[in-house]
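Asker: Grabbed the feature section from Swiss-Prot, which reads as follows:
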type	residues	note
BINDING	Arg110, Ser111, Ser112, Leu113, Ala114, Arg115, Asp128, Val136, Leu137, Glu138, Tyr171, Lys178, Gln182	dCTP binding site
ACT_SITE	Glu138	active site, proton donor/acceptor
REGION	169-193	region 'Disordered'
Amino acid sequence: MRLCDRDIEAWLDEGRLSITPRPPVERINGATVDVRLGNKFRTFRGHTAAFIDLSGPKDEVSAALDRVMSDEIVLPDGEAFYLHPGELALAVTFESVTLPPDLVGWLDGRSSLARLGLMVHVTAHRIDPGWSGCIVLEFYNSGKLPLALRPGMLIGALSFEPLSGPAARPYNRRQDAKYRDQQGAVASRIDKD
């Protein structure tokens with residue numbers, strides 16, 4: 001059962017759940033907390049790679065990722081990031097989220113943005129128990145027009161679901177946690193699998 005707005009506020013008040021900066025009550029609605037777009041992005045460079053063999057040797061996968069992913073782009077205040085039709089880009093939420101070991105989070109994109117062709121997360125919308133950090137967004141523009149995305153705009157909504165008990169292996173305690181404490185638009189680390 002997902003937390004309702006009253007329970008989300010109580011978990012925040014008690015320190016069991018942390019969202020920094022703490023959202024105002026107007027952004028906690030029904031069963032979700034609205035989150036905003038941060039100012040860090042990452043894109044695919046123009047490249048001539050025919051493919052990336054995701055199950056190939058780790059050093060080759062790592063080298064291929066280095067060739068195709070841009071360095072992190074940090075937008076100055078007031079500037080927009082333009083996502084063109086058919087493009088994929090990574091970004092982060094403005095808010096940093098810390099979940100306890102007995103709570104899982106879910107990120108959903110905004111319906112108003114989806115109706116313009118913007119996918120906010122291509123597949124990865126679960127936020128593991130024990131997670132701490134900004135949430136990476138996997139943007140894809142499936143529409144017909146470029147979309148101007150500005151830091152600070154409402155981009156999605158988080159919901160939270162208590163588990164039957166604390167996870168035995170929460171994300172922040174796993175040795176194989178590839179994205180622990182991420183604050184920026186971290187590129188894929190599939191080569192670390």
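Cβ from N, Cα, C; glycine included.
So where do these features actually land, and what's packed around them?
Answerer: In sequence order, no residues are near Ser112 (dCTP binding site), counting only same-chain partners six or more apart with C-beta under 8 A. For the recorded site, Ser112 (dCTP binding site), the DSSP three-state label reads helix.
Non-local neighbourhood of Glu138 (active site, proton donor/acceptor): Leu88, Leu90, Met119, Val120, His121, Val122, Thr123, Ala124, each in the same chain, at least six residues away, with C-beta under 8 Å from its C-beta. Secondary structure from DSSP puts Glu138 (active site, proton donor/acceptor) in a beta strand.
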